[in-house]
């Protein structure tokens, strides 16, 4: 049984297409590995079998913002644009944790797009979902205040009431500065909503955070 059996999004592919994909060998990528940089062009279509890849953009001053994450069953919109339109990457992708990936070479990707409607449907469906998420991100950044975005991020990333991330990690995810995030977390802590340690934020009042995230009430 090949690796496509681990990818439910490819279940509808015909046997010959799956066989061509199964001939590709999955690779292990350690946490912190950069997968592409701004200015690169895509040489293949990467599928994530396990782990998480985060895609960032940076301002002229060097401040980073996370655009989106790619997890199993999802796609990288920048890679799709590069493969289909020849566009260069405008951001950088980094493995957020240890990942298992399959890199479909450009020639095979184009062939499957031409020959396999199910593969083409998978690519365009994933692309459409990602574009909707990007539009939602644009609306959030443009219209929601940072306090609400911070509360929403903490709730989304919490595992058993804890978020394991540095202030810089959170700042990058929100496109802000570390000092600004630290001030907001200190304000949350004074209100009893969170407690903080180095590399860790514990959520003490998820109800208050959820109200802030949903109502976007200024502190």
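Note: Cβ is positioned from N, Cα and C throughout, glycine not excepted.
Feature annotation from TrEMBL assigns domain 'Cyclic nucleotide-binding' to 21-130. TrEMBL lists 144-207 with the feature domain 'HTH crp-type'.
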For the domain 'HTH crp-type' (144-207), give the DSSP counts of helix residues, strand residues and coil residues.
35 helix, 11 strand, 18 coil
Summarise the domain 'Cyclic nucleotide-binding' (21-130) by DSSP state, stating how many residues are helix, strand and coil.
35 helix, 37 strand, 38 coil
Can you tell me the mean pLDDT for the domain 'Cyclic nucleotide-binding' (21-130)?
91
